[in-house]
Every structure is written in C-alpha cells, then in structure tokens.
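Participant: Take a look at this one; I'll ask things after.
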Amino acid sequence: MKEIKVIIAGPRGRMGHEAVLLMERTEHFNLVAAVDYKHGGEKISDLPGMPALDAPIYADLHTCLEEVEADVLLDLTTPEVGKQHVTLAVERGLRSVIGTTGFTEEELKQLTEIAKEKAVGTIIAPNFAIGAVLMMKFSQMAAKYFQDVEVIELHHDQKLDAPSGTAVKTVELIRQNRESKQQGHPNEVEQLEGARGANVDGIHIHSVRLPGLIAHQEVMFGGDGQMLTVRHDSFNRASFMSGVKLSIETVMNLDHLVYGLENIID
C-alpha cells in the first residue's frame, strides 16, 4: 500500500499514545508531525514512553500545516480543539480523521457542506472500536422489533462530554427504525431532576463516570416477557486502533464527510 503521511494532534493523551504506536508498527503509515501546545519544538521521541520517532511537534496546527506536507490529520484532542482543527483541515483541503465528539447537528451540516465543496475526505468517528460500531448497527436492527429502549453508557471519570458521542450516535440510528414515543408511565414524575437521564425523542440515556472504566455501553430493549441487551466493552485503548487504521486508509479515497464508522464498514 502507498505510504500515508499522518499528523497526530494530541499525542500525549492515552488515545494519542496508542496512535503513535500504531504509526510505528504500520509499515505504510509515516508519522510526519504532531501537534501539542505544551511541547512545541520537541520531537515525539522526547515525550515519556514514546517510541524513537523523530517526528517534530508543533504548538499549533496552523504552523504545522505551513511547514509540513501531510496526507491525513488524525485528531485525538478535546471536543473544542477538535472542532477548530477539523475546520482548518477541511478549509485547507487536508483529509482528516477526527476522534473527538460533541459536534452539534448544525456543526456537522456546515462541515459536510465545506468538505463537499472542497472535495476533501473527512471522517468523524464517535467510536473507533469495530465492536462498538457493530453494537450500534445491531441496536438499529433491534429497534424495528423493540420500541422500548434505554441506553447506559459508562466511561472513565476524565471524559469531558456527556452523554458520549457513541450514545448519541446509537440513539440516532435507533430513531431511524423507531417511531417517536414516550416510555414509561405517562404520568411519571422525577422526584430528583435528571433521575431518568437525558431524554432524546423518548429514549433515555444514562451516563456513568467512574475511575477504572474505559468505554462501555449497554443498550437495553424491553418487550412483553422478554429483554434484549446489546453491550460492548473496551478494556483498553488498543481496542480503538483497528478503527483508526481503517479510517486513515479509507479517508484517502473519500471526497466528502462521513460521520460514523458504520458508514465505511461492510
């Protein structure tokens, strides 16, 4: 396969560290630079626990793109920074794979239009774990037969957004096969605000944040005399790398924005 030159934004994070290791062990990936506001002017090999890669680190993406030629930006930063990075990348015609979440429908619409206008491939993935993507697809299928459903998502206590992008995407897919309806007793009352979780078109999402967790989600469907549970667990961040690899390879052949890995796997 032809070499793909990659810039990683957010190499110091846990996902970023795994992505750097992915670059090292994948023959056709070439890490040409990284973006980290705390370590501009250093090299990847200067960071604790990193492999001996000489890719330079830039304090900001704008300067990096002025000095480095790349094929793909892999952004694994925070939601706010990720939004800025993908906008800059798309406007400059650089393909990007975005692993941050928190995009609104309006923001996705704007990015989709810009990507189409620039004919630049972009993938925004709420979850890179292939198993999690299958969980979402299975949940979408089940919703045709089970109209009553609730989602419980569980993540580490350092996660910034709630509910997770995976939970939101799961509900979006379920809604495609489910008529809008309110679940539970029509006169139910929350004795404590938020007790029933977030409500999206009658589907409740419950967010759990605890140390020791990585990324987990349970989709519970209830029916007369039966229950169906679809669950996925990521026990470490290596579970996300197969999806990162697939996304980087796939975005090279796209000329538009794709939201969600379920749209690029067969």
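Backbone N, Cα and C define each Cβ position, glycine as well.
Swiss-Prot lists these features:
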type	residues	note
ACT_SITE	His155	active site, proton donor/acceptor
ACT_SITE	Lys159	active site, proton donor
BINDING	Gly10, Pro11, Arg12, Gly13, Arg14, Met15, Gly99, Thr100, Thr101, Ala125, Pro126, Asn127, Phe128	NAD(+) binding site
BINDING	Lys38	NADP(+) binding site
BINDING	His156, Gly165, Thr166	(S)-2,3,4,5-tetrahydrodipicolinate binding site
Participant: Pop the Cα-Cα gap between Lys38 (NADP(+) binding site) and Arg12 (NAD(+) binding site) into the table, whole Å please.
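Facilitator: So the Cα of Lys38 (NADP(+) binding site) lies 10 Å away from that of Arg12 (NAD(+) binding site).
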Participant: How long is the line from the C-alpha of Thr101 (NAD(+) binding site) to the C-alpha of Lys159 (active site, proton donor), rounded to the nearest angstrom?
Facilitator: 11
Participant: Let's check the environment of Arg14 (NAD(+) binding site): how many other CB atoms sit within 10 Å of its CB?
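Facilitator: For Arg14 (NAD(+) binding site), the 10 Å Cβ neighbour count is 15.
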Participant: Setting His156, Gly165, Thr166 aside, what same-chain residues sit with their Cβ within 8 Å of the center of the Cβ atoms that define the (S)-2,3,4,5-tetrahydrodipicolinate site, listed in sequence order?
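Facilitator: These residues sit around the (S)-2,3,4,5-tetrahydrodipicolinate site: Thr101, Pro126, Asn127, Glu153, His155, Lys159, Asp161, Ser164, Ala167, Ala215, Gln217.
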Participant: Reduced to three states, what secondary structure does DSSP give Thr166 ((S)-2,3,4,5-tetrahydrodipicolinate binding site)?
Facilitator: helix
Participant: Can you give me the Cα-Cα distance between Gly99 (NAD(+) binding site) and the residue listed as 'active site, proton donor/acceptor' in Å, rounded to a whole number?
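Facilitator: That comes out at 15 Å between the alpha carbons.
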Participant: Let me make sure I understand the span of the NAD(+) site: among Gly10, Pro11, Arg12, Gly13, Arg14, Met15, Gly99, Thr100, Thr101, Ala125, Pro126, Asn127, Phe128, what is the greatest distance between any two Cα atoms, in Å?
Facilitator: 20
Participant: Output, ordered by sequence, the same-chain residues six or more apart from Gly10 (NAD(+) binding site) with a CB under 8 Å from its CB, or 'none'.
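Facilitator: Within the chain, Gly10 (NAD(+) binding site) has Cβ neighbours under 8 Å at Gly16, Val35, Asp36, Asp75, Leu76, Thr77, Thr78, Val81.
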Participant: For Gly165 ((S)-2,3,4,5-tetrahydrodipicolinate binding site), which residues in the same chain are close in space, meaning a Cβ under 8 Å from its Cβ, but six or more apart along the sequence?
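Facilitator: Looking at Cβ-Cβ distances below 8 Å from Gly165 ((S)-2,3,4,5-tetrahydrodipicolinate binding site), excluding near sequence neighbours, one finds Thr101, Gly102, Phe103, Pro126, Asn127.
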